[in-house]
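See below for the structure under consideration.
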Amino acid sequence: MRYAFPKLLKSQIAYDIARTILDGFDKHYRLFRAATHDAKRYFEQGDWKTAQTAARERISYYDRRVAECVQTLEDEYDQAEISDEVWREVKLHYIGLLIDHKQPELAETFFNSVCCNILHRTYFHNDFIFVRPAVSTEYIEPEEAKPTYRVYYPATDGLRFTLKRIVTNFQLSTPFADLDRDVGLVEDRMRAMFGNDLLEPNHQIQVLANLFYRNKGAYIVGKGINGNRIYPFVVPILYNRKGQLVLDTVLFDPTLITVLFSFTRAYFLVDMEVPSGYVHFLRTLMPYKPRSEIYTILGLQKQGKGAFYRDFLHHLHHSSDCFESAPGIRGLVMVVFALPSFPYVFKVIKDHFPPPKETTRALVKEKYLLVKNHDRVGRMADTLEYSNVAFPRLRFSEELLAELKSVAPSIVEEEDDQIIIRHVYIERRMTPLNIWISEAEKRGDHAAIEHAIIEYGNAIKDMVGVNIFPGDMLYKNFGVTKHGRVVFYDYDEIEYITDCNFRAIPAPRNEEDEMASEPWYPVAKNDVFPEQFGTFLLGNLEVRKYFLKHHADLLAPDYWQRAKQRILDGHIEDVFPYPQELRFSYKPFSPTAQAA
Ligand SMILES: Nc1ncnc2c1ncn2[C@@H]1O[C@H](COP(=O)(O)OP(=O)(O)OP(=O)(O)O)[C@@H](O)[C@H]1O
């Protein structure tokens with residue numbers, strides 16, 4: 001029989017514990033918001049280095065606050081004295097404290113993290129933690145003067161005036177080069193978007209009240225509304241070469257907006273008093289993006305992780321297919337499996353790695369963490385890391401279970417009708433690039449192959465721009481997203497570009513050198529010889545043709561040496577999460593203009 005919650009709350013300890021946990025959360029969110037607040041200042045000062053460091057540090061805030069809170073509780077209470085009854089009261093008090101709270105869903109997640117740290121896993125009890133949200137996040141209004149979004153009425157005020165007001169309301173202290181010109185450009189494109197639609201009485205523009213900061217950009221996020229139609233838009237604000245601000249473009253295409261919020265990018269910094277209000281608004285722009293991914297891209301990655309897990313359990317309940325090995329070439333380091341009906345893959349680190357791998361479990365984890373904390377520039381998939389995940393035994397094929405038990409026995413355990421996986425990374429499922437290319441070949445789709453190779457080279461170049469050397473550049477280590485972008489997902493050999501030594505292959509001294517099957521010259525651990533990349537990348541003639549046409553520079557040591565030098569000189573590359581052709585300043589390449 002299910003245990004009933006106590007009818008009377010009697011325990012002072014229960015109240016005190018609930019209060020301590022909520023104080024821990026409030027401290028966390030205060031610091032989290034302070035970081036997003038600072039992002040505005042860094043943007044105004046063009047202080048990219050500090051902004052980068054702050055964005056990276058913010059990721060670790062959550063775990064630190066949870067650890068602090070656990071410590072406080074352990075110092076103050078003897079766990080043995082806290083009965084199940086008291087834990088149930090703690091939860092009820094906590095729910096009470098969350099009435100009128102502005103971030104109740106985040107506070108519930110924090111509560112779960114603290115409880116799960118204190119209670120042993122086998123002791124988890126659904127009555128103690130928030131398996132489902134207990135407090136609604138709908139219609140929460142901010143207390144501060146700023147609403148979640150502002151509303152403008154262009155039919156009354158004029159579109160140009162409205163657009164200018166939208167920008168100036170953000171009160172950026174850096175001057176614009178020519179705001180009237182930029183607003184005119186946005187207006188032209190916006191008029192084209194609204195087309196000849198008759199303006200309905202509800203015609204309005206809604207804009208989220210705070211800017212979204214990432215890398216060297218700040219983004220205005222909003223939507224036009226006319227009748228029952230919604231027109232999402234995003235306006236990036238960047239610096240020009242003279243250190244003045246410009247509106248760089250306006251994006252309307254839902255696919256491009258979705259890509260801007262992609263799982264392959266660094267998290268945004270946005271000052272949100274009521275995060276659920278932002279998530280709700282963003283979902284009206286991207287209805288197919290799971291709430292979990294929206295929380296994550298807003299930097300609330302633990303919330304995203306919790307929401308993802310709930311979605312996953314829900315999906316398991318409402319599906320019947322079985323987990324199976326992910327299609328493609330098996331990894332040496334990871335066992336990768338997937339549920340065909342679910343768009344993610346599950347990656348488990350093997351217990352032993354065959355040669356030539358020289359890594360360890362700890363090192364692999366370190367590399368994955370490096371990527372989590374790094375700017376992923378739209379080219380590296382984000383991963384969710386989970387411990388002790390229980391899967392229903394029935395949903396595993398014998399073959400997959402046998403494989404998991406044989407290559408990762410320390411991680412996989414069978415318990416009654418469950419498979420417990422002690423550590424797993426979960427990441428978006430993509431089509432491995434090698435499979436994508438061979439399918440395009442079978443169809444005789446040359447354009448698709450060329451597209452894949454252009455994207456592949458661009459992915460590497462984007463990663464190089466942020467100091468990442470992928471290490472293992474084989475096509476099988478890249479995936480193609482549903483938007484046709486090529487993204488890297490195999491991180492165990494990743495290195496910082498600045499830690500690598502890019503060398504040209506020395507000229508042979510004599511005939512013997514020339515014939516040698518092993519390098520006759522000394523090779524240090526971090527030496528990389530780009531001239532050798534062709535050996536494993538250019539085997540296929542068609543791929544070779546496109547590779548040499550678009551990315552031959554990747555095979556030359558000096559490309560890499562120059563890239564490394566730029567990073568060492570402190571240069572931070574511009575990252576454009578949308579096509580260059582859409583920029584207001586874009587000038588198509590013209591051979592005559594070039595000649596002139
Ligand atoms: N996100 C993903 N989407 C689809 N398939 C994937 C994904 N990640 C991995 N795979 C599949 O699993 C295989 C192994 O994954 P991964 O490259 O991450 O493992 P690994 O053990 O690190 O590989 P390697 O031996 O190259 O180091 C890939 O070749 C691919 O077929």
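Glycine is no exception: its Cβ is also placed from the backbone N, Cα and C atoms.
No curator has checked TrEMBL annotations; they are predicted automatically.
As the structure is a computational prediction, the values presented were derived from the model and not from experiment.
Features reported for this protein in TrEMBL:
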ACT_SITE  ASP382  active site
BINDING   ALA326, PRO327, GLY328, ILE329, ARG330, GLY331, LEU332, LYS347  ATP binding site
DOMAIN    18-320  domain 'Isocitrate dehydrogenase kinase/phosphatase (AceK) regulatory'
DOMAIN    322-580  domain 'Isocitrate dehydrogenase kinase/phosphatase (AceK) kinase'
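Here the features listed in TrEMBL are painted onto the structure.
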residue: ALA326; record: ATP binding site; Cβ within 10 Å: 19
residue: PRO327; record: ATP binding site; Cβ within 10 Å: 12
residue: GLY328; record: ATP binding site; Cβ within 10 Å: 16
residue: ILE329; record: ATP binding site; Cβ within 10 Å: 12
residue: ARG330; record: ATP binding site; Cβ within 10 Å: 12
residue: GLY331; record: ATP binding site; Cβ within 10 Å: 18
residue: LEU332; record: ATP binding site; Cβ within 10 Å: 16
residue: LYS347; record: ATP binding site; Cβ within 10 Å: 24
residue: ASP382; record: active site; Cβ within 10 Å: 22
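Across the residues annotated as binding ATP (ALA326, PRO327, GLY328, ILE329, ARG330, GLY331, LEU332, LYS347), the two Cα atoms farthest apart lie 15 Å from each other.
Note: the CA-CA distance between PRO327 (ATP binding site) and ASP382 (active site) rounds to 20 Å. LYS347 (ATP binding site) falls within a strand when secondary structure is assigned with DSSP.
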